[in-house]
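Only one structure is covered here, and it is reproduced in the block below.
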């Protein structure tokens with residue numbers, strides 16, 4: 001299921017990934033120019049590449065040296081293929097070195113390694129840098145130890161670093177180009193301008209990829225895939241991804257989609273009522289709400305080990321889902337054939353081991369994006385309408401389908417719910433009620449302050465400790481809670497959010513004055529790494 005029409009397929013920019021930490025970023029930068037881009041393992045077979053019929057191929061950077069044993073490389077026959085098809089190729093960092101080495105040039109370990117911000121100087125008029133002239137300078141982001149010292153026949157140097165190393169090369173006739181720096185990172189100030197010139201002026205790509213076309217194509221694909229009598233099921237978490245995925249499928253097949261939303265007793269304040277109202281009133285999705293509070297909490301009673309809590313919750317979800325599927329079979333007279341999942345493109349990319357790691361290419365999606373290992377007799381085929389999209393693109397698609405903007409902007413919420421925000425036994429005392437109240441005050445205060453959209457994720461944590469306090473002229477022995485808010489691009493790394501002190505003072509007072517059983521509020525000021533975003 002590829003969200004692009006045949007007409008746009010000839011405009012595909014294919015990235016061969018050699019392990020650079022910036023590879024996702026290249027894909028996103030190109031898509032931001034309204035050009036469709038995909039990323040596959042750099043050691044993929046030639047057939048995998050030719051099947052995609054790319055117009056342009058970018059060879060990414062990577063941590064390897066081209067001289068290392070087992071250094072990843074494009075497949076044999078690649079050079080002949082791109083030359084015969086007239087495909088433009090751009091090598092970035094390691095990618096440039098691969099091109100140079102495989103076309104008869106020489107790459108050596110550099111005398112001076114170049115890392116971080118460096119200045120480069122243009123050596124050729126009207127080259128890869130468009131209208132830039134000899135002597136023009138720009139700041140770029142370097143990250144390399146090896147360098148090209150002898151270029152293959154037909155190549156010219158387009159720019160050099162201030163240390164004299166080759167920074168950009170081209171062979172116009174053969175349509176080979178190379179940059180010894182990362183144009184996709186913001187530190188390379190004119191990097192986007194260079195990518196734009198390369199794609200539109202040198203390669204002749206046209207900007208025509210947009211979410212409306214993606215949505216239309218995806219609906220067509222689902223209609224063609226799902227038989228006229230087939231039924232489809234989807235477990236809704238209340239999050240953005242599963243909701244957008246379900247809405248796309250519902251547009252394609254209507255009420256042959258059957259969704260289930262499980263209240264596991266670990267949801268936030270009034271979460272069930274709010275989410276179900278959105279599903280029913282705004283999206284008109286066919287959703288069955290299952291209240292399984294008792295089933296989950298009874299099994300979690302006395303359990304304190306974080307991984308055990310996750311496993312119990314995952315297993316119980318499968319049980320509930322299994323019951324739902326069997327009930328559905330009785331109701332419609334046949335087994336459901338498909339399962340909808342809100343898998344996103346970063347999950348697909350992350351599940352592919354980096355080239356040169358010795359592990360083979362794999363499409364296993366991270367387990368928390370699956371319904372957690374479905375029962376063996378439930379042989380369901382997957383529908384993953386978002387599997388080639390990034391989070392911001394999923395939100396854009398949701399907006400087109402009139403999913404409320406406030407819902408699309410919701411912060412991520414973990415599958416195990418509040419269980420990972422209460423270290424220890426989640427059923428002890430009234431910890432869940434206390435946490436819900438504290439969390440609601442914190443989140444509402446963030447919204448009232450107009451800073452909700454600046455934060456990737458914000459939440460409260462109930463601490464299983466009691467501290468001494470003074471409230472109403474009385475000594476108290478009550479609970480402590482922690483507040484956590486982070487900024488992030490994708491959840492892989494995160495920094496804590498810098499709140500205004502007055503805001504923190506107001507929130508702390510509100511919590512201690514409104515929530516019985518809390519007399520101390522702490523702020524988590526740890527980044528990821530070394531901490532994870534959630535506490536468990």
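Cβ atoms are placed via backbone N, Cα and C, with glycine included.
Residues annotated as domain 'GMPS ATP-PPase' in TrEMBL: 209-410. Over the domain 'GMPS ATP-PPase' (209-410), the average per-residue pLDDT in this prediction is 85.
Around residue 242 (ATP binding site), taking its Cβ as the centre, 21 other Cβ atoms fall within 10 Å, counting all chains. The feature ATP binding site is assigned by TrEMBL to 237, 238, 239, 240, 241, 242, 243.
Those residues of the chain, other than 237, 238, 239, 240, 241, 242, 243, with a C-beta within 8 angstroms of the mean position of the ATP site C-beta atoms are 236, 244, 342. Once Cβ contacts within 10 Å are tallied over all protein chains shown, the binding-site residues 238, 239 are led by 238. Once Cβ contacts within 10 Å are tallied over all protein chains shown, the binding-site residues 237, 243 are led by 243. Non-local neighbourhood of residue 240 (ATP binding site): 391, 394, 395, 398, 407, 408, 410, each in the same chain, at least six residues away, with C-beta under 8 Å from its C-beta. If you take the C-beta of residue 241 (ATP binding site) and look for same-chain residues 6 or more apart in sequence within under 8 angstroms, you find 342, 343, 344, 386, 391, 394.
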